[in-house]
Amino acid sequence: MKKSKKEFIEVYKNSNQIKDSDFNIAKYNEYYYKRLVNTEISNSINNQKNILIIGKPKAGKTRAAYESIKSVKGFKVIKFWEETIKIEELPENLFKGKIIIFIDDLNKYINKLDLNRLIKKLNSKSKKYMIIITCRSGEEYKSINKEFGEIIRDFNEIKIEDITKDIAQNLSDELNLKVEDFDGTVGSLFLGIGDMKLRYAELYKECRVLFTVMKIFAYAESYIVTKRTLEEVYSEILIKENMQADFLFEEAINKLKENSFIFEESGKVSACHDTYLNIPKYEISFDDLKWLKTVLFQIKDENALFNIGNSFNDNRNYEEAIQCYNRAIETNSKNDKSWNNKGIALARLSKYTKAIKCYDKALNLNSMNDNAWTNKGISLAALDKIEEAIECYDKTLEINPNHEKAWNNKGNALGDIERYEDAIECYNKALEINPKYGNAWNSKGTALAMQDKNEKAIQCYDEALKINQKNDKAWYNKGLALATLAKYTKSIECYHKCLEINPNQSRVWNSKGNAMAMLKRHVDAIKCYNKATEINLDYEYAWYNKGNSLDDLGGYWDAIESYDKAIKINPKNDNAWYNKGLALIKLYEYNEAIKCFDKVLEINPKRDETWNNKGNALAMLGKYKESIECYDKVLEINPNHKTAQNNKMLSISKFRIEK
């Protein structure tokens, strides 16, 4: 069912009629309103280019967009509410004519907006359109690249730089502003944080409690809250804190509005500026989120439940996230995003079959949900259903050929079935879309390494590391490739870099130990293997490799103890049985050694060296006839085994002497 504009749209106006209040720009000083139009943004608008404006909080990103947009004629400006946007339910007439879509702080729309689908809708319905987006720099910029990277790649990227201290001082002198709050951004001068803190301290306790509730909602990824939900949660927190309110919720709301802390329109409430949410000293904890979840369960606010579910998901509280998505689905079972995100949480708990059922629900509701197709593919691949996973990635790419993650994941699936050339083609596609896609460079390197093209693989890992020096997987894989080329010292340097980033990786400690062992640095190698087994007590290869280093140092009993640890974890580890047998021979424990070799031959009867060493142990016990039978087994497997030929001749001669 199509719904009215007001349910989705905060602003729908002609571009030359918009006001600062439409963009929720805090009102502090006339000078702040009359700053010059950003020529870079204006030029992009004149050339009808999509724009991504990046800068620190308070840098003036929204202001820069506003000043440029209001100078344009003939366009309708659309600004969505900061909540889940269902493209299929947007009124068709919304997209007619010439349109500017303004999305303020894109990070708030992660999991809430299908940007690819919106663009497709605009392409099919609008004569002319532009999308103007703001985004905070730093970690939030990384987050939106992760979520929307393949879509915003072609946007004109414009950075709002800091202003200098001299400019800040000049503004302060000219306009009688306080410079103490200056942090490099122009907004920090005009937002009056110091004054707002004083104003906050003078508010009634009810107002402070209500604003703290707003802070908790923002932490739970709900930046706009319906007035009804806010009132319910406010009432519950008063009960929780055993507080008696002296005046009504409506009065508290009005006081916060009068003092410029909050903004209200169409029954929805938001903070005038996110920075103000830092004024309450209350430190939000995981318990606050759980409490809010409990209250929202009673209210059944679908959007708030979905948002808090995302917050739990982001913080790796997957069971809590699933409960929130379940409640959101109970409230509205037709929301494909809730089903999709529930699937993500289940997959992160390795419950892949259940996750796939959720993705199927999402796709039944919206077969164009490319992320659900990709996520389904990832879960199928985790269940080793590689061909089915590839079909899902292909579905994603039918919907969105520029979905870099789908190309990368398809490459990974092809690599799993050893179709390395096809995998590399997929990685190349991903890198055509986004040359700075570090995961694709890393995956391409791995596919090349699997073809013994280690020099080329290292070049790919280096590309990944140019993009992100903290890409621990690329450091690790580069280390493996260097070790394969017998460049052990350089490989150790890579493992060291990897462990600086994340020291809790048992496989990296194990590989570092292996490189140390190849350089005959067995004491250092053992330290690495010890680290690996501290992290993962059941890491059989670390126990096995530690045994090898102990053996090389002459600590045969200690080596046997390590081999036993590996064998306990995996009784089918024929190498551990074999090396334990060799260590026992060195200790003259021939009968015990033979038992080990028999275990090896149960697992793999074609191991010629095991037959040979079993023969040696039997010969040492004077059992020459049985040893000859073992050497014959060796020669059945490998007729050119010179050592076995010689050992057989020696046993034959000794057997004859005995007779």
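Placement of Cβ uses the backbone N, Cα and C atoms for every residue, glycine included.
Because TrEMBL annotations are produced automatically, they should be read as predictions rather than curated entries.
For reference, TrEMBL has these:
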REPEAT    302-335  repeat 'TPR'
REPEAT    336-369  repeat 'TPR'
REPEAT    370-403  repeat 'TPR'
REPEAT    404-437  repeat 'TPR'
REPEAT    438-471  repeat 'TPR'
REPEAT    472-505  repeat 'TPR'
REPEAT    540-573  repeat 'TPR'
REPEAT    574-607  repeat 'TPR'
REPEAT    608-641  repeat 'TPR'
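For the repeat 'TPR' (302-335), the DSSP counts in helix, strand and coil order read 27 helix, 0 strand, 7 coil.
Across the repeat 'TPR' (438-471), DSSP classifies residues as 27 helix, 0 strand, 7 coil. Within its own chain, the repeat 'TPR' (404-437) is flanked in space by residues 149-150, 153, 370, 373-374, 377-378, 381, 384, 386-387, 389-390, 393-394, 396-397, 443-444, 446-448, 450-451, 467, which lie at least six positions past its ends and keep a Cβ under 8 Å from the stretch. Within its own chain, the repeat 'TPR' (540-573) is flanked in space by residues 506, 509-510, 513-514, 517, 520, 522-523, 525-526, 529-530, 532-533, 579-580, 582-584, 586-587, 603, which lie at least six positions past its ends and keep a Cβ under 8 Å from the stretch. Beyond the ends of the repeat 'TPR' (302-335), by six or more residues, the same chain brings 83-84, 86, 110-112, 217, 219-222, 225-226, 229, 286, 289-290, 292-293, 296, 341-342, 344-346, 348-349, 365 to within a C-beta distance below 8 angstroms of the stretch.
Confidence annotation: the repeat 'TPR' (608-641) carries a mean pLDDT of 96 in the model.
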